[in-house]
Amino acid sequence: MLDSKLLRTELDETAAKLARRGFKLDVETIRKLEEQRKSIQVEVENLQSTRNSISKQIGQKMAAGDKEGAEEIKKQIGTLGSDLDAKKVELEQVMAQLDEFTLSVPNIPADEVPDGKDENDNVEISRWGEPKTYDFDLKDHVDLGEMGGGLDFASAVKITGARFIVMKGQFARLHRAIAQFMLDLHTEEHGYTEMYVPYLVNSDSLFGTGQLPKFGKDLFHTEPLAEKVNDEEPRKLSLIPTAEVPVTNLVRDTITDEADLPIKMTAHTPCFRSEAGSYGRDTRGLIRMHQFDKVELVQITKPEDSMTALEELTGHAEKVLQLLELPYRKVVLCTGDMGFGARKTYDLEVWVPAQETYREISSCSNMWDFQARRMQARFRRKGEKKPELVHTLNGSGLAVGRTMVAILENNQEADGRIAIPAVLQKYMGGATHIG
């Protein structure tokens, strides 16, 4: 969430910055609530001051033998106490309304982020690799997978429903190999610590990284049992939409020593998304699934280091594509296309031959102190007493299913076989082709 001080002391400036991303801040309502807060706060402080002043008179009355006077003052204090409690409740109610406003407000975009409305206004930064030309009719990854017997969408529909997949044989092994290669690269060369985390999280975790309260409809939620099981209280949990949630929340409610920053973590997990609002989009194939695997990259940094860390983290995701020899382009998202909690985001888009276009395969974001404030994730500088908020960053390094799509389609050969990228062959038992 944003620093509430911005809404109190820089309201108009903050509203103008948020307008860049198409968000209309209800300035008048916030201003009225802030005026109420100030007024009630003054009343609370005056009542506290009066009560404290009168309380001192009790001792004086008792010392003078004026018990009746002392009792009268006690009655006054009781009345003041009741009035004070009532005003505190009023103050809490106004503060709750202000907090509710704050929770619905997205992050402020960085100054250098291009203005725009949607993905059409994103700005291309660079390209790597040249799309291949083929002298035979291209097949998409669905046809390639079904022809090889490795992608079974029909069985997935029978077992669960649409937007799920069953993989078999060499296709399942390729999927595993991609994730293993990514983890090895990030841990052995890029300095990340591999994490194994829960796939179910509580609402506090989802609040911390910004999925709640705004994006609950995008999640899969469990229904708590009506009674205890193994002495555990019933609780509602949610399947993770990304490993960003459990991994970033590892620093929730902690104070890290400056010397221990940056913290760099990676995790391979399944991700679960309802894909609310995507009806009719990418209904064929592996591009948009309810369940998909992803290798996530997370960095926790000092404030002054986070923009440099964003470039580094994005470069780590790019390295995966380069080693797999997959053509891609890098774009910076415009203000209108960025995620709710992001201050700046790069997308990496891989070439998908059958669609003759680039498709997103990684999104790398600097969340600034937006998540840290929600999580109370802080660090303490050497020699300082007061802790500061960390900055958090995350990115896909990469989405495994979409990487598989790119490999299948870019590496297909005229006879229907798929050439396995050189860096993956050791994970595939030395095989050079599928099929």
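Cβ atoms here come from the backbone N, Cα and C positions, even for glycine.
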Swiss-Prot annotation, L-serine site containing THR242, ALA243, GLU244, SER396 - matching residue among GLU188, GLU189, GLU296, GLU304: GLU296
Cβ neighbour count within 10 Å of ARG273 (ATP binding site): 19
Span of the ATP site, taken as the largest CA to CA distance across ARG273, SER274, GLU275, GLU360, ILE361, SER362, SER363 (Å, rounded to a whole number): 19
Binding-site residues compared (SER274, SER362, SER363, SER396) - the one with the fewest other Cβ atoms within 10 Å: SER274
For ILE361 (ATP binding site): intrachain residues, at least 6 apart, with Cβ closer than 8 Å: LEU321, TYR328, LEU348, GLU349, VAL350, SER396, LEU398, ALA399, ARG402, THR403, ALA406
